[in-house]
Amino acid sequence: DRDSCVDKSRCAKYGYYQECQDCCKKAGHNGGTCMFFKCKCA
């Protein structure tokens with residue numbers, strides 16, 4: 001679900017968030033972005 005990506009996908013310091021996006025897409029969301037080093041699904 002949406003919140004599981006926050007724990008599973010670490011967000012890198014310099015904006016690399018492919019892992020976050022992939023996690024969110026697998027969870028059924030459009031994608032994800034990083035805010036304050038946490039993955040947020042969109």
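Note: Cβ is positioned from N, Cα and C throughout, glycine not excepted.
Worth saying up front: this structure is predicted, and the values here are computed from it rather than measured.
Residues annotated as disulfide bond in Swiss-Prot: Cys5-Cys23 (among others). Listed in sequence order, the residues of the same chain lying 6 or more apart from Cys5 (disulfide bond) and placing their CB within less than 8 Å of its CB are Cys20, Cys23, Cys24, Ala27, Gly32, Cys39, Cys41. DSSP assigns Cys5 (disulfide bond) to a helix.
The DSSP secondary structure for Cys11 (disulfide bond) is coil. Residues annotated as disulfide bond in Swiss-Prot, with similarity to another entry given as evidence: Cys11-Cys34 (among others).
Among the features that Swiss-Prot reports, disulfide bond is placed at Cys20-Cys39 (among others). DSSP assigns Cys39 (disulfide bond) to a strand segment in the three-state reduction.
For Cys41 (disulfide bond), the number of other Cβ atoms no farther than 10 Å from its own Cβ, over all displayed protein chains, is 22. Residues or ranges marked as disulfide bond in Swiss-Prot (evidence: similarity to another entry): Cys24-Cys41 (among others).
There are 24 other Cβ atoms within 10 Å of the Cβ belonging to Cys24 (disulfide bond). Residues within less than 8 Å, Cβ to Cβ, of Cys11 (disulfide bond) and separated from it by at least 6 positions along the same chain comprise Tyr17, Cys20, Cys34, Phe37, Lys38, Cys39.
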